[in-house]
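Student: From TrEMBL, for reference:
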- Asp789: active site, nucleophile (ACT_SITE)
- Asp791: active site, proton donor/acceptor (ACT_SITE)
- Asp789, Asp791, Glu949, Asp950: Mg(2+) binding site (BINDING)
- 789-791, Trp805, 824-829, Ser832, Lys856, 894-898, Lys925: substrate binding site (BINDING)
- 20-280: domain 'Glycoside hydrolase family 65 N-terminal' (DOMAIN)
- 336-698: domain 'Glycoside hydrolase family 65 central catalytic' (DOMAIN)
- 708-769: domain 'Glycoside hydrolase family 65 C-terminal' (DOMAIN)
Amino acid sequence: MKPFVAPKPIYPLDQWKLIEERFEEQYRQRNETMFALGNGYIGMRGNFEENDAEQRREGVIGTYLNGFYDSEPIIYPEGAYGFAKNSQTMLNVADAKIFQIEIDGQRFGLYSGKVLDYRRELDMRTGELTRFVTWESDSGKQLRIVFRRIVSLNDKHLAAIRCEVTALNFTGQVALYSSINGEVSNQAASDDPRIGASFSGQVLQTESVGAEAGRLWIKQRTKHTGFVLYTSAAHTVEAGVVVLTEHSAVQQLATVKYVMQLKENETVAVVKSIAYYSSRDYSEKELAIKANQLLDEATSIQYSALQKKQIAFLNDFWKHADVQIEGDHALQQGIRYNAYQLLQSTGRDGKTNIGAKGLTGEGYEGHYFWDTETFVLPFFIYTNPKIARALLSYRSGTLDHARARAREMSQLGALYPWRTINGEETSAYYPAGTAQVHINADIIHGLKQYFGASGDEQFLLEHGAEMLFETARFWVDLGYHNERRGGQFCIDAVTGPDEYTAIVNNNVYTNVMAKDHLEFASQTYDWLKEQQHERFTELIEGIKLTPDEPQAWRRAAELMFIPYDEELGIVAQDDTFLQKKRWDFANTPEDRYPLLLHYHPLVIYRHQVLKQADVVLALFLQSHRFSLAEKIRNYNFYEQITTHDSSLSPCIHSIVATEIGYVDKAYEYFMRTVRMDLDDLNGNVADGLHTASMAGSWLSIVNGFAGMRDDGDTLSFKPIVPKGWQGYRFRITYHERLIDIKVTSSAATYRLLEGQPLSIVHRSHELELVVGNDVEVSMDHPLEAVLFDLDGVITDTAEFHYEAWKHIANELKLPFNRELNEQLKGVGRLESLDIILGTAGATLTKEDKQQLATRKNEIYMQLVDQMKPTHLLPGIMDLLQQLKEKGLKLAIASASRNAVTVLNKLQIIDFFDIIVDPDSLQKGKPDPEIFIKAAEQLGVDVESCIAIEDSFSGIAAIKAANMVAIGVGDSDVLKQANVVVSDTEQLTLALLVNSWKA
């Protein structure tokens, strides 16, 4: 990974505001995205109200309604059965933001007259976008103009704009024109598959336009879906005197004109209340009635009342969702902006979801992806469970479409679409679309996580269980028990999260997530049967679920095939991934990324190269299925061949890097995530925000730096503080409780603000939380355990090993000396034999090598049998006694399979709490597994351990395990160690304590 250097911030650093201090035409589209407002239904880009010719030509004028789309058949040059039939595109709808100002026949605009002062602010505490402009006309008259805009977070159909005009150096008339323009269209299509749209020209057909009594309206209908949209506006003069009012409704433009008299330094203000209603929510005949009722309510109150309601909503939101970072204003601004835009972009009505670009732009045509459940849903599960429930309700509401898609794909059960708006599949490129069947498991993982954190049995009973069972049916029908693999359950012809590797067999992420899915389905089936019999009977009869199906789920889960490479000690991303040629990263220029825009898919598919986290994502979402050692090995392998061409990737790498102790790397990935849009790191913010990455920045703090994990029964935390921070703070909603977590470099403080008492886990220690009683825990890792290698540390059986190997080498007539013997320290028997054979260029069969390894051990054991307590190395007995008196846990972490025998001969076995069995290891030293396993078996964190070794590979293993390393021997050889002593007599309790403090 190329080192990340944070660019200079584009916008001034403010912890609660996004500020633009001057207008720059070349960044117009980017800023239209960044200053977008929304409420989960209405999304308004940050277009200027004056709607001048330059904006119409150079900008992307956009207002979007979540879930409001049109559709048309997808034209395939060569089609096939089962291809997605129809496109779906979120439409750019009638523009009601228009507010034009005219003086002496000249329209206000940033390209006419003279701009004396300019400032725009998006305030995340008030939910208001404000623009301040001081402008001088060609005739020398100066105006102070303020536009205030709110998209109501309390009523999804409502938005409002307040236009304030102050005459600074004259007395006279000013004309205000407020309009709704129905002549709108989406952006033209692009070669970049990430950018919309599939339509060209206007899609919304205008049926009627009206303007009277200060009200404007346009009724329109989509070409193909037949949805009706009613856009309307009402006006209130809050300050100033109107001397003339005129209305016009021409073609697709409805306008009201107010001519107002101003004195010098006097201000006039007109408020425009805007309503959007569509037949997606109400019958066609209700739309105008509903809109007028809403506008009546809106115009009966002052704009300031709307502001107060907006602030009250956001106060509650920030009470639960705010993350505070002490020590970095840029990151503080980033994390708040991301959370705020997630709120603005996410549907809350149970009928809509969140698009990849939210409601800020037309990228990905407004489609919903797996991004929702994998990235966005967890943010709301733990900050606003009601919104999380609404997102899952959308999936429940589209279950029939998923059933139909499964039938179309010749499968049982239900298959959710890869990309969609209405619940039908609309991905035209099936290798990276329909083949990503992991979408089923992603959705159910979200359901499982929501149920575990909320305890919402009602949702599971009424909606979730049916989704769960139908999608479980799909897995069992899609996969099969492969007799050539001993009956293991295999899933073929799928694509995992890594879209640079398509149509493969047994993608690990897919298989592991399917396993979890099937286990959850089986557990839920049993729970319903035992505790919710009435609903159980109703459900199984309704979907015709037979008793043998849950048995098939259990069997498939138990026998799920997980590709594994023994040589590398990692899971293989799929059956063939590790056999591919590695991508030539060294000779790929920076301007050839992202690869998808510069190479044919087949070129990419032939190589070991990842677009985004795949196995690494599995390490996070299915964390309990992988040991820490496995996470380290897999991360080390896959991270180096991941391009992060997807914005979804850096946050996941940050989370896993934190867990495995790569804190600096984790922080670097976090930096790529948290200000991805604020600093336009990918150069495509103009097309819309990266909502999944925004959610990922929250995950990176809460699941990454704070180490939060939720196993469904217990919340646990393992916090760290990144360098440069004084600390951070956030809140979690969990089972109707509100928990405040504050982490500094010295202490972690857990405070239960609301709800019943709760047990949580900090690192490996259980804490009891009660309202009114803060629990503060030191961030220092106490020294809890000391881990010992055997040979060269406890005793010196190295001479025995040397004599045994010398005997075997002589039998084979192979050279062997003490220098070669040094290479065998800490290495297992078969690996040692391979080194001896390799040095001489000799080869043997596997069977012969096994026999020789056994023969060597027999010789060695004959020598060991002569051992006595006097063979303990100097100082070791005193050290063991001191450590035990201090209450420390002790372990043996040796590759020796004769450790128990040796310790018994030395009469010190009772000092040790555990002895790691080397046969239980997947990889030997320098892999850290043996030391990690020792800590796990002792029940302590790796950060609370000191380990003592005498070999280079052993010290490397200790450091890779993120432990303090004490070396015994040559300081040049063992220079990676924290401390090196020349002999064991120098190993004292005082030395270990001082090494720990250092």
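Using N, Cα and C of the backbone, Cβ positions are placed for all residues, glycine too.
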Student: Looking at the binding-site residues listed here (Arg829, Ser894, Arg897), whose Cα lies nearest to that of Glu949 (Mg(2+) binding site)?
Tutor: Ser894
Student: To see if you understand the setup: which same-chain residues, six or more apart in sequence, place their Cβ under 8 Å from that of Arg829 (substrate binding site)?
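Tutor: Those within reach of Arg829 (substrate binding site), by Cβ under 8 Å and sequence separation of 6 or more, are Ala853, Lys856, Asn857, Arg897.
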Student: What does the structure give for the C-alpha distance between Asp791 (active site, proton donor/acceptor) and Asp950 (Mg(2+) binding site)? Integer Å is fine.
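Tutor: Their Cα atoms are separated by 8 Å.
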Student: Quick check on the domain 'Glycoside hydrolase family 65 C-terminal' (708-769): DSSP residue counts for helix, strand, coil, in that order please.
Tutor: 0 helix, 39 strand, 23 coil
Student: Measuring CA to CA, name the entry from the binding-site residues Trp805, Ser894, Asp950 that ends up nearest the residue listed as 'active site, nucleophile'.
Tutor: Ser894
Student: Do me a favour and check the Cα-Cα span between Trp805 (substrate binding site) and Asp950 (Mg(2+) binding site); whole Å is fine.
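Tutor: Between the Cα atoms of Trp805 (substrate binding site) and Asp950 (Mg(2+) binding site), the distance comes to 19 Å.
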Student: At a 10 Å cut-off from the C-beta of Trp805 (substrate binding site), count the other C-beta atoms across all protein chains.
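Tutor: I get 24 for this one.
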Student: To see if you understand the setup: which same-chain residues, six or more apart in sequence, place their Cβ under 8 Å from that of Asp950 (Mg(2+) binding site)?
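Tutor: Same-chain residues close to Asp950 (Mg(2+) binding site) (Cβ under 8 Å, separated by 6 or more) are Asp789, Asp791, Gly792, Val793, Lys825, Gly967, Val968, Gly969, Leu974.
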Student: Should Asp950 (Mg(2+) binding site) be counted as helix, strand, or coil on the basis of DSSP?
Tutor: coil
Student: If I restrict to non-local contacts, at least six residues apart, and a C-beta distance under 8 angstroms, what lies near Ser894 (substrate binding site) in its own chain?
Tutor: Phe788, Asp789, Leu790, Asp791, Ile915, Val916, Pro918, Ile930
Student: Within 10 Å of the Cβ of the residue listed as 'active site, nucleophile', how many other Cβ atoms can you find? Include all protein chains, please.
Tutor: 28
